[in-house]
């Protein structure tokens, strides 16, 4: 069975092996201290350190493995209390945004710049898409999430906005069935978001972990570090939005509302770099 100890060990081992081939992520050092809320984070940035490819690959493998562990821990019969539920919802949203970010990064690195290229990747399905980016062993595990995807174009134009719609199916191990996630962006989004101020988020203190709602995650927070790889100096805004959405999904009436957040450009206040919304099919 999927949730047996042997199955989990096998999947995590496959994730480690396949993820060790990923050598493209930067490893810098920044320490982040927080007080009680996410908006009060102060970043102390260290000078850039020489990239160590072996360390980079190991860090990436660790982050992927931890995300996979959350999938197992969030199975409905393992939920224990509202904090646990909030943590599962939060990690689910982190997973979707991380997968989306790595999709754009994969397309850029392989010079697949057309809408058709993106549609082809999205058409593979969530698990197969993840497998194409990180390796088949990882993708097979993520297939159990039973997520379907499609691209839509709400506005016409040469640089038109795109929205990735991700739908959780009835057979998903994530208990948010009939949930639609809408991630809207344009072709410049990743470049705009991923600006780095010479470092990466690597450490959060225990108090900040509780403030973010990560009730059962190590204070080192590799998932947050992975988000910083994609969202750079906008990570704080993204985390704030993720926390808001996680709290919404923790309410029994979440199906009756359309909730989300937008990340605005700091250079062009009227420009939306990224928007994320979650809602039930009943609101379509």
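Please read every residue number as a count from 1 along the shown chain.
Using the three backbone atoms N, Cα and C, a Cβ is placed for every residue, glycine included.
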Margin query: Can you identify, from 25-44, 45-64, 65-84, 85-104, the stretch that Swiss-Prot calls transmembrane segment?
Written below: 85-104
Notebook entry, point to check: Around residue 270 (N-linked glycosylation site), how many other CB atoms lie within 10 A of its CB?
Noted result: 6
Margin query: Check the DSSP secondary structure of residue 270 (N-linked glycosylation site), expressed as helix, strand or coil.
Written below: coil
